[in-house]
Structures are given as structure tokens and as C-alpha cells.
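Below you'll find the structure, written out as C-alpha cells, and then a few comments.
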Amino acid sequence: MEPVIYSFATLLIHVEFIFGNLSNGFIVLSNFWDWVIKRKLSTIDKILLTLAISRITLIWEIYTWFTSVYGPSSFAIGMKLQILYFTWILSSHFSLWFATALSIFYLLRIANCSWKIFLYLKWRLKQVIVGMLLASLVFLPGILTQRTLEERPYRYGGNTSEDSMETDFARFTELILFNLTIFSVIPFSLASISFLLLIFSLWKHLRKMQLSSRGHGDPSTKAHTNALRIMVSFLLLYSIYFLSLLLSWIAQKHHSKLVDIIGIITGLMYPSAHSFILILGNSKLMQTSLWILSHLRCRLKGENILNPSGNQVTSCYIFCIANKSVS
């Protein structure tokens, strides 16, 4: 691989790594701070908190994989790959199921439907979410009992162990790809069904608005479109994440470092970008982020809040106070 391409790809991976930790870390700290102050969290906040934690773990696993394969002095040891395999699968498992729980939450909370089963599930929303997450634990024994890698030390790029190293790396990505294919069918299908039902609910709602000659800017329409934006981004980014693992597996089979790094770059998009979209789609998180940014701006320009005469208030001060009052 060309040094320039490798350097650019490495820079991009580090940017995604930092961005993903910041966006997910912000969700964790914001909800944790609310819990400390209010001593309680809503169902949606609990889902976002656990989802962000699982994605932070997933981001670190992908980054660890990158440094293990392409680090200048890293050793890939069988036991290390086993630990990386288990933690990667677990973080992917919980990240997918928590995102699915978020999709179902949006569906039951926002959609308008007169079906009896829907009304029953909507009335027992919290129990449905908890029951689904507990049911997801049934799949863990199947994940944890998969055949592990042999314990054999080797150095990436070495002359004597390069073939065995690349074989085990290919086996590693093959195991992850196999598990994600098998165990993600149900949650991904549930999220897709929730997405389709929410589209159907939005269509019915817009049709009702047209018949009543009302505009499309009502709160229900905005809630539908916001939830759909979050759900379609999740489905799209998770599909990209799945394809990134397929790329990595193909790259290990054909010894293509460039394709493997492209797979890592696209894989980091899923846990990083979707969390940023969640922040934009959540009014509380959005207001908190705006308040923090305005507060930092006022801190950086603290000497300019008042003019030299001490009478005129600058726009920085007004912006800071306005955001504080909104939050």
C-alpha cells in the first residue's frame, strides 16, 4: 500500500475514533448527569445511555483490531484474539438490540394505529422493551460457545508466521461475520418492520391532514419524520457496518490491506455517525450540546462580554444567557 494512502486512511480512522467517542461519550455523560440530578431516567434516556455505552465498546474493539493488525509493533496472540472476538461480538450484539429497542420505542410511542395488539403493546411499552432485551440474552450462549482461535503467537508481517497469522485473521473476521449474520436477523427484521409501520402511520397521518386541509407542520408529523430519520440512518449504517466486515473478510482471504482498511473505515461509521444523528434528533441532547457550545464560546471570549465602558453587552453574552434559559 502507498504510504500516502495509508497515512490518510490512518488519519481518517483516528478522526472517526475520536468523533465516535465524543458523540457517544456526550450521550453517556448527559444522561448520567440527569440521573444524578433528578435521580431517575425516562425509558428513552435509559435506552440511549446503554446504547451509547455499547457503541463506545464497539468503537474501541474496531480500533483495537486496527492497531493489532497494522500497529508498528503489535503482536496478535491467539488468546488476545479470543478476547477481542468475544468483546466485539458482545458489543455488536447489545448495540444492535438497543438500537432495535429504540426503533420499537419510537414506533409504539409515535405511531397512530387502532389495532388492538398495537394498543396493548403501546400501553405496556416499558414491559415490551424490557422483555425484548431480556429475550435477546437467549442468543448469548450460541455466541459464546463458538469455536475460538488457537493460541499461537505471531507477529504481523513476519516471514515465518505470516501465512498462519493471515489465516487466523481471516478466521477471526469469518467468525464475526457468521455470528452477525445469524444473530442479527431477528433484531434487524424487527427494526425494519418498525420502520415500515412508522412509514405507514405517517402516510395515514398525512392523508388525514390533507382531508382536513391542515398543514404538514403539526407536532405529530414532525415526530414521525424525526423518528423515521433516525431509524433509516440506523438501518443504512448497520448495513454498511455489515458490509465492512464482509470487506475485511474478503481482504484477509485475498491479502489486500487497502480493502481491509476501507472495511475498517466504513465499519467505524456505524457506531460513530448514528450517535451523532441521535443527538440531533433528541431535543434534550441538542439543547444541552448548544448550551455547552455557547458556554465554551462565552468562556473563550470572556474578556469581550462587556465593552471597555462596562455598559454594552455583547452578542456572546446574550447568546449564552438565551441558551441557558432555554435549557
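Each Cβ is built from the backbone N, Cα and C atoms, and glycine gets one as well.
The following features are taken from Swiss-Prot:
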- 1-7: topological domain 'Extracellular' (TOPO_DOM)
- 8-28: transmembrane segment (TRANSMEM)
- 29-46: topological domain 'Cytoplasmic' (TOPO_DOM)
- 47-67: transmembrane segment (TRANSMEM)
- 68-87: topological domain 'Extracellular' (TOPO_DOM)
- 88-108: transmembrane segment (TRANSMEM)
- 109-124: topological domain 'Cytoplasmic' (TOPO_DOM)
- 125-145: transmembrane segment (TRANSMEM)
- 146-179: topological domain 'Extracellular' (TOPO_DOM)
- Asn159: N-linked glycosylation site (CARBOHYD)
- Asn179: N-linked glycosylation site (CARBOHYD)
- 180-200: transmembrane segment (TRANSMEM)
- 201-229: topological domain 'Cytoplasmic' (TOPO_DOM)
- 230-250: transmembrane segment (TRANSMEM)
- 251-260: topological domain 'Extracellular' (TOPO_DOM)
- 261-281: transmembrane segment (TRANSMEM)
- 282-327: topological domain 'Cytoplasmic' (TOPO_DOM)
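Counting every protein chain shown, 20 other Cβ atoms lie within 10 Å of the Cβ of Asn179 (N-linked glycosylation site). Contact between the transmembrane segment (230-250) and the transmembrane segment (125-145) is not supported: fewer than 3 Cβ pairs lie under 8 Å, counting only residues 6 or more apart in sequence.
Same-chain residues lying 6+ beyond the ends of the transmembrane segment (8-28) with a Cβ under 8 Å from its Cβ atoms: 48-49, 51-53, 55-56, 59, 63, 66, 70, 261-262, 264-265, 268-269, 271-272, 275-276, 278-279, 285, 289. Mean pLDDT of the predicted structure over the topological domain 'Extracellular' (146-179): 55.
Proximity of distant same-chain residues to the topological domain 'Cytoplasmic' (29-46), defined by a Cβ-Cβ separation under 8 Å and at least 6 residues beyond the stretch ends, is recorded for 52, 102, 105, 125-126, 129, 282, 284-285, 288. Across 47-67, 125-145, 180-200, the stretch most heavily in contact with the transmembrane segment (261-281), judged by Cβ pairs under 8 Å, is 47-67.
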